[in-house]
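Here the structure is laid out as structure tokens; the discussion comes afterwards.
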Amino acid sequence: MTTEKINLLDFDRKGMRQFFADELGEKAFRADQVMKWIYHFGVDDFDNMTNINKKLREKLQHKCEIKAPTVAEAQHSSDGTIKWAMKVGDQDVETVYIPEDDRATLCVSSQVGCALECKFCSTAQQGFNRNLKVSEIIGQVWRAAREIGLQKETGRRPITNVVMMGMGEPLLNMKNLIPALEIMLDDLGFGLSKRRVTVSTSGVVSGLDQMTGKIDVALAISLHAPNDELRSQIMPINDRWDIQDFLASVRRYIASSNANRGKVTVEYVLLDHVNDDMDHARELAELMKDTPCKINLIPFNPYPGSPYKKPSNSRIDRFQKTLMQYEHTVTVRKTRGDDIDAACGQLVGDVIDRTKRTAALKAARGAETIDVKAV
């Protein structure tokens, strides 16, 4: 009988030290050394950890592994964006790398599919399959860094920013999200600034309250409507936590946060003649007056079968200017990677086909489910 090996990517620093002490009989500094090899140098072979003694390397090889998602497919956009389909077990998720002059952002998935059924998001077509493990979340960052080129090879950091805006709702996977974020921030991990790690949520108030005081990262909220009636139509989660409940939890989080500097980023997808009228803009401005924020307008990115359209540039411009009349800070997100379906709201692509092929098998095994109303 073969014993399943322990994936060290599933441990943050605290968990790694505990494992080394309890299972390997080793001191904390040895765990720290191994973490540094994994995340600073991208090493996944214990034999290459040259400052680890042979006896410990043999124990690690016998009991442990360093196993990140692998690249099943890579698509390169004309603007430099790269979309990877990354294999996690017998399923795939999508991870997007967005290079700019002053930063390199990685958009990371937290679930296979999504349970929230937002009407304008292509990932919702896939439905929910399962939560990703810690190793599958942080492993996307690890794999992307290897694909782009490690700092020791290129002289620059391969990834400067991480946004949890890929497939899935991060706050419905708190158990695995928090350790993954800890590794992103840890100096022995990727050592990212807390202001450069962003978690986006569609309004899981219980999860946001759980994060408050526990981990400090930048927060973005997917709002997309200025009133409950419209939001419930396009985002069913609003029936569980309405806008006022959501914004109250946002204010609690940013009050305890240094990463957000007192402001939250509000994401608002503009859907042609659905939520982009000037009355909607004025209503949104009034809604957000008591919640310090910057508003990021996202022109809808069409995908096959979607009933929605992108507004005209003139409607986008009028919506932005109306908000600015109320002294809000407003930006319009530049669309990146839309030619490879890597833009906001498009993350599903070929993954949906590969995932559906395993759905029946997963159902037969008793697939993981999330009841949003019960969260």
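Each position is counted from 1, following the chain as shown.
Cβ coordinates come from backbone N, Cα and C, glycine included.
The active site, proton acceptor annotation in Swiss-Prot covers Glu94. Swiss-Prot lists 100-339 with the feature domain 'Radical SAM core'. Taken from Swiss-Prot, the feature disulfide bond covers Cys107-Cys344, and the record attributes it to sequence analysis. Summarising the annotation, Swiss-Prot assigns [4Fe-4S] cluster binding site to Cys114, Cys118, Cys121 and lists sequence analysis as the type of evidence. Swiss-Prot lists Gly168, Glu169, Ser200, Ser222, Leu223, His224, Asn301 with the feature S-adenosyl-L-methionine binding site. Here Swiss-Prot flags Cys344 as active site, S-methylcysteine intermediate.
For Gly168 (S-adenosyl-L-methionine binding site), the same-chain residues 6+ apart in sequence whose C-beta sits under 8 angstroms from its C-beta are Val93, Ser109, Ser110, Gln111, Val112, Gly113, Cys114, Thr123, Asn131, Leu132. The recorded positions listed here are Glu94, Glu169; among them, Glu169 has the most other Cβ atoms within 10 Å of its own Cβ. Of Glu94, Ser200, Asn301, all annotated as recorded positions, the residue with the shortest Cα distance to Cys121 ([4Fe-4S] cluster binding site) is Asn301. With respect to their backbone Cα atoms, Glu94 (active site, proton acceptor) and Cys107 (disulfide bond) stand 9 Å from each other. For the pair formed by Cys107 (disulfide bond) and Cys118 ([4Fe-4S] cluster binding site), distance between Cα atoms is given as 19 Å, rounded to the nearest Å. Cβ-based neighbour count (10 Å, all protein chains) for Asn301 (S-adenosyl-L-methionine binding site) stands at 23. There are 26 other CB atoms within 10 A of the CB of Cys114 ([4Fe-4S] cluster binding site), with all protein chains counted. Cα of Cys118 ([4Fe-4S] cluster binding site) to Cα of Ser222 (S-adenosyl-L-methionine binding site): a span of 10 Å. Around the Cβ of Ser222 (S-adenosyl-L-methionine binding site), the number of neighbouring Cβ atoms within 10 Å comes to 23. Confidence over the domain 'Radical SAM core' (100-339), given as mean pLDDT on the 0 to 100 scale, stands at 94.
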